[in-house]
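Report on the following structure.
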Amino acid sequence: PHTGRLALYLLGLQATCPPLSPHRSLVTWLKYYLEEDWTGSQQRGHPVTSYYQYGLGVLALCVHRKRVRDEVVRRLLTAQHHGRLGHSGNTVDTEAVVALAFTCLERRRLVGSALAAKLRLAAHEASRNIAKAQGPDGVIGNIYSTPWAMQVFLATGECQTELAFGQAMAALLENLEAFGTAATMAQVLPVLHGHSYLDIAAMHCGEEPDTLTPLDMEPLLEVPGNKTVQLVVECPLPWCYDLQLYDRLVPVPATASLLDVLQAAAVLEPHEFRFHTQDTPQGPFLTQVLGLEARPEKRNYWQILSAPNTPLQMGIADYRPQDGATVILRLSEW
């Protein structure tokens, strides 16, 4: 089911103040996807996609002022209560999306009073958990989950009293270059203007001035020449036969992204280096390297670092390593 992608599209569509309701059938499809998302994996007791996408679906329906079955809401409540939304920093964006959905449902009175009280408590609990996930640099989870976390503080009214909000805003302002795609810009722009996605539901579209004009995007300047990037693949997990599985210099054009580096390595040595990615709203996500697949059920992922040990804060299609840089792909556990 395309739950998350359709939910983000409907949130964006509502924010543009469409003249009528041409998207009514899309809202119906989203309700259908929410049911398909769950029944497709009923025996496991969790969505086929993820709780992040499932929460996004509930949030988008709420912003469009559409009711969802109480059972759908209780699935998210149960997952949060039993700590199934994720682990450590990886759960921040999921817990934030779920908290926004809870707050929206309660404020819009789309659930009964008893369930609304539970949602209010759950949203504030999520807000406290999110604040605890903040690092010394002000980032909450990672740089991309930080805007989601700040939306929760804004939606619950805790931005005035929560010290984490000011520290997170400072971190965002220092890392704005990380938000280079439409999807990531859509997460950070509302926060920079003091809004959350919940505010979309309260927009008075008749008062919105028609000021949107097309923007002519300037192409990236071509930088002549090439650069060389040291590409290293590591597997420190006990079941790997060796710590360092790959270590090569990869020549690429001067403007190449990390994704370009990976593709160049695969062309240079197709029998030695191979990788797979998965498309996400934030761009391609690295899922497999040298035949080793990162799987959430095994609690591992491909961590990308700039040597010696600095985690990458950008997507592989956005990060452009410098000439002579060493990039490490490390299969890690969470």
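A Cβ is built for glycine as well, from the same backbone N, Cα and C atoms used for every other residue.
A simple way to gauge crowding: the CB of Y51 (cyanocob(III)alamin binding site) has 21 other CB atoms within 10 angstroms, across all the protein chains here. For T49, S50, Y51, Y52, Q53, D93, N142, Q187, L312, W334, the entry in TrEMBL reads cyanocob(III)alamin binding site.
Around C104 (disulfide bond), the C-beta neighbours below 8 angstroms that are at least 6 residues distant in the chain are L59, C62, V63, L110, A155, L198, A201. The disulfide bond annotation in TrEMBL covers C62-C104.
Fewest Cβ neighbours within 10 Å among the binding-site residues T49, Q53, N142: that distinction goes to N142.
Taking Cβ-Cβ distances under 8 Å and a sequence separation of 6 or more, the neighbours of L312 (cyanocob(III)alamin binding site) in its chain are L258, I304, L305, S306, Y319. Within 10 Å of the C-beta atom of C62 (disulfide bond) sit 26 other C-beta atoms, taking all shown protein chains into account.
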